[in-house]
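Enquirer: The structure is given below, and queries will be raised subsequently.
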Amino acid sequence: MVVVKEGEYAIRDPSLAPKGRDMIEWARDHMPVLGAIRERFEEERPLEGITVGMTLHLEAKTAVLVETLMAGGAEVAITGCNPLSTKDEVAAALVEEGVHVYAWRGETEEEYYQNIDRVLSHEPDIIVDDGADCIARVHTEFPDLAERVIGATEETTTGVNRLHAMHREGVLKFPVIAVNDAKTKYLMDNRYGTGQSALDGLMRATNILLAGKTVVVVGYGWCGRGIARRARGLGANVIVVEVDPIKAMEAIFDGFRVMPMDRAAEEGDIFITATGNRDVIRGEHIEKMKDGVILANAGHFDVEIDKEYLEEHCEEKIDRRGGLVTEYRMPDGKRVYLIAEGRLVNLAAGEGHPIEIMDISFALQALSVEVLAKEGKEMEPGVYKVPKDVDKRVAELKLESMGIELEELTPEQREYMKSWEEGT
């Protein structure tokens, strides 16, 4: 059952709010960077009169970002960016704080897009997106609103790729800041965050030991790098599957084996996809896999593993581990285990990235929203990098919160770095 008050909220259970408040408080206590930004926002109110529409994984860390934007004067409407990642307790708690929340765990595809439409019905000035579903939706279903949107931010690699495609085709109608492409995002969130949280979700769902297992990581971008290194740290034998020769060479130099999926399919005990592309594990690969193989996806959308093949070719389908694992029994007796329906494993089966990592990423989001509020009307449609001063400021705030001081260049060193006369 879902409790709906149109124009205000649509959530699973308002009585879950006390637990949600506790979850948010714990996250808030471990997010000092956003805390520092929130204090400034409370004083300066840079978002006064701005409505922010958000499509993010709706959980405790996201709630702290919502609070930060509201402290700056924004009105917020939010929904989830994945049908299985919403924490119903947090949704209930945010409603009590006056947030327009339209999300619950286990949405159908129709409900998922209906909730995005509900957010867009608030006519947001700025959109904060994860995966670009909301940005794409406002262009296709709300074209008049798209003309009035000041700008947007995008959290993920997958979303940024979609936005570049929109811009190439000439359909993107407002500026979007690619938060994903900031150094403090991809070096920390994509690598350390995904590396830890993807394996955490896998282990929560299965309770298996990784030591001694052969783990195949599909994709060696920043997310794949993090997963591969954390899996090795837990004692796994790691194989990397890549299409990019430079990334493949890096994986080799990092000490991993590299091979095509056809060969890796025969060796792997566990497969984790992290490509942002579709059909990277297909039926012909599944046919070669071992009995008891485990498949998990760390990419944004559930298109990396061929679920249709499993559904169409299995003789029996069984829910395991409280629904976190689906067992497919194939005609030859082989068992294939799919984690969280092939959706984002770290959030569908776990609690997402560590709090301290999202403190950094959401600080980038908050400051990027501020940039759009101040400068967005003068920016042309397109995909923009996070301003360097914002990227640097987030790193400075994080280091300050950790009590870390940096060395400083002397005047002579600064002058030397600008000169060309001195040589050997």
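Placed from the backbone N, Cα and C atoms, the Cβ positions cover glycine too.
According to Swiss-Prot:
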BINDING   ASP130, GLU155, LYS185, ASP189  substrate binding site
BINDING   156-158, ASN190, 219-224, GLU242, ASN277, 298-300, ASN346  NAD(+) binding site
Enquirer: Which one is it, among the binding-site residues GLU155, LYS185, ASP189, that lies nearest to HIS300 (NAD(+) binding site) by Cα separation?
Expert: GLU155
Enquirer: From the binding-site residues ASP130, LYS185, ASP189, pick the residue whose C-alpha lies nearest to the C-alpha of THR156 (NAD(+) binding site).
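Expert: Nearest candidate: ASP130.
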Enquirer: At a 10 Å cut-off from the C-beta of GLY221 (NAD(+) binding site), count the other C-beta atoms across all protein chains.
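Expert: Around GLY221 (NAD(+) binding site), other Cβ atoms within 10 Å: 19.
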Enquirer: Using DSSP and three states only, what is LYS185 (substrate binding site)?
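Expert: Looking at the DSSP assignment, LYS185 (substrate binding site) belongs to a helix.
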Enquirer: Select the closest residue to THR158 (NAD(+) binding site) from the following binding-site residues, measuring between CA atoms: ASP130, LYS185, ASP189.
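Expert: Given the candidates ASP130, LYS185, ASP189, the nearest one is ASP130.
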Enquirer: Using DSSP reduced to three states, classify ASP130 (substrate binding site) as helix, strand or coil.
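Expert: Assignment for ASP130 (substrate binding site) reads coil.
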Enquirer: If you count the other Cβ atoms within 10 Å of each Cβ, which of the binding-site residues THR156, THR158 comes out on top?
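Expert: Top count of Cβ atoms within 10 Å goes to THR156.
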Enquirer: In sequence order, which residues at least six apart in the same chain have a CB under 8 Å from the CB of CYS223 (NAD(+) binding site)?
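Expert: For CYS223 (NAD(+) binding site), the qualifying residues are THR157, ASN190, ARG191, THR194, GLY195, ALA198, ALA274, ALA298, GLY299.
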Enquirer: Specify the nearest of the binding-site residues GLY219, GLY221, GLU242 to GLU155 (substrate binding site), where nearness means the distance between Cα atoms.
Expert: GLY221
Enquirer: Whole-number Å only: compute the distance from the Cα of ASP130 (substrate binding site) to the Cα of GLY221 (NAD(+) binding site).
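Expert: Answer for this pair: 18 Å between alpha carbons.
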